[in-house]
Amino acid sequence: MLTSKNRWTACLLAAGLAAATLGLTLEPLSHGQEAAPPPAEAPAAAPAPAPAPAPAPEAAPAPEAPAAPAEDAGPSVELFTTNNLWMMLSTALVFIMHLGFATVETGLTQSKNTVNILFKNTLIPCIGLLTYVLCGFNLMYPGFADEDPQFWFKFAGFGISTDEAGVTSAYNVGYTYWTDFLFQAMFAATCATIVSGAVAERVKLTSFMLFSTIYVALVYPIAGSWKWGNGWLNRLETPFYDFAGSTLVHSVGGWGALAGVLILGPRLGKYTADGKIKPIIGHSMPLATIGVFLLWLGWFGFNGGSVLSADPALVSLTLVTTSLAAAAGGVAAAIVSAVILKKPDLSMALNGILAGLVGITAGADQMTPVDSIIIGAIAGALVVISVMFFDKIKVDDPVGAVSVHLVCGIFGTLAVGLFGAKAGSAQLMSQLTGIAAYASTFVAALVLFFVLKLIMGLRVSPEEESEGLDIGEHGAVAYNITPNH
């Protein structure tokens, strides 16, 4: 048995190993150093307090304000206020997605684990915000400059702060420094929430929360800096493109989810001794359905806010492609599951909607309505096949997180090179390069989970798992009814 001191020492070692897995060297920089501007499809500008230039043309800039005198150049106060207001509203919509994840995960799992699942989904955004303000924001947007010796890692310092320019259009025509930070922090917390659903019903609470803290504080922002922080993937001859995070958010979360389920193993009773699959039914399909529609609502901010301004043409197009992909995904999943399973399956239809949303996220601003329907339909069919495949090879994912976020995130990233305005062989090769690069987060997650398993254990006891994590971990129950085992 390791002492408490040794446990925390080893936890710190786990964090270091995860960072090392991504091929990084810590070289802190002054927080005041001006950052290079991010690509316009990235959902945030560089966090340095010095004024940042307007977004690059990948995402269309906000409509031009009436000409101003030379000494008063820049957008009008009204335009800047409108842009920033849309970004703040988008931030609130992304925040609602955490409620959606909580209800989906709760509905698709057993009632005896409801308190545990809600507790995790309550703490994740709290931890995500705190770690992002501590170091995550300045790891993700460190200010890569052309003269830097490498574009894999840079750190702009601990904490966040800005001068007066940070709250004016001198920072960015679309938002203030503070809006920039909060919008991005909502994305960071989403990444760990994806992992939560995959490891539900058997993971130790303390171990999972430590994993989430390290993953959000180090792994997600460092990997994100390679593209949205103007790192090496944004400097390819044909830059890797991920408008709102099919790979940077969803696949990174999906890689972490896959690592977790592989190390944890399946839930008790999921697979019989002779290899047959025993379904473990979720206890509340109404909750799961409500959760999916909350996520769909939140996605209007997730994708629409990634325009980085209130540009009427581009925001409205993005919301249309987002909705059409979700609708096509739901219909395709319902049809495919009905054909394969010989009956309509609500959980598959719900995951089909999410699959369509994840699939369109990488290129929502680049697609026509027809493109978005095709992408959503393929993602909806793909998620059904993927869920059944992982079940067949005994990879137990209670909510289908790996299929929705990893598999469909990869497909959505490839779709940028296959459909829409950027389609072409050069773009497709860049998309493949980005997908391969972000697979490194799977190795980082494996290292984290493995070290945590050695230090403090990763899985609850069989007795606690059978009784339910609500009683074992929290000493509480969600419902005063007989639990659905």
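Cβ coordinates are placed from backbone N, Cα and C, and glycine is handled just like the others.
Bear in mind that the values here come from a model prediction, so they are computed numbers and not experimental data.
Annotated features, as they stand in TrEMBL:
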COMPBIAS  36-66  compositional bias 'Pro residues'
DOMAIN    85-479  domain 'Ammonium transporter AmtB-like'
REGION    30-73  region 'Disordered'
SIGNAL    1-20  signal peptide
TRANSMEM  85-102  transmembrane segment
TRANSMEM  123-144  transmembrane segment
TRANSMEM  181-200  transmembrane segment
TRANSMEM  207-223  transmembrane segment
TRANSMEM  243-264  transmembrane segment
TRANSMEM  285-302  transmembrane segment
TRANSMEM  314-341  transmembrane segment
TRANSMEM  348-364  transmembrane segment
TRANSMEM  370-390  transmembrane segment
TRANSMEM  402-423  transmembrane segment
TRANSMEM  435-456  transmembrane segment
Can you tell me which of 85-102, 348-364, 370-390, 435-456 gets the most C-beta pairs within less than 8 Å of the transmembrane segment (207-223)? 435-456
Close approaches to the transmembrane segment (285-302) from elsewhere in its chain (Cβ under 8 angstroms; 6 or more beyond its ends): 89-97, 99-108, 187, 244-245, 319, 322-323, 326, 346-347, 350, 353-354, 357, 361
I need to check the long-range neighbours of the transmembrane segment (181-200): which residues 6 or more away from its ends have a CB within less than 8 Å of a CB in the stretch? 43-44, 47, 87-88, 90-91, 94-95, 97-98, 101, 104-105, 108-109, 113, 116-117, 120-121, 124-125, 127-129, 131-133, 136-137, 140-141, 160, 175, 208, 211-212, 215-216, 220-221, 245, 249-250, 252-254, 256-258, 260-261, 264, 302, 305, 397-399, 401-402, 405, 445
At a C-beta cut-off of under 8 Å, are there same-chain residues at least 6 beyond the transmembrane segment (348-364) that contact it? List them, or none. 104, 241-247, 249-250, 288-289, 292, 295-296, 299, 302-303, 306, 318, 321-322, 325-334, 336-337, 341, 372, 375-380, 382-384, 387, 400, 403-405, 408-409, 411-413, 415-416, 419-420, 422
Can you give the mean pLDDT for the domain 'Ammonium transporter AmtB-like' (85-479), rounded to a whole number? 96
Highest-contact recorded stretch vs the transmembrane segment (435-456), from 85-102, 123-144, 243-264, 314-341, CB pairs under 8 Å: 243-264
Name the range, of those listed as 243-264, 314-341, 402-423, that has the largest tally of Cβ pairs under 8 Å with the transmembrane segment (370-390). 314-341
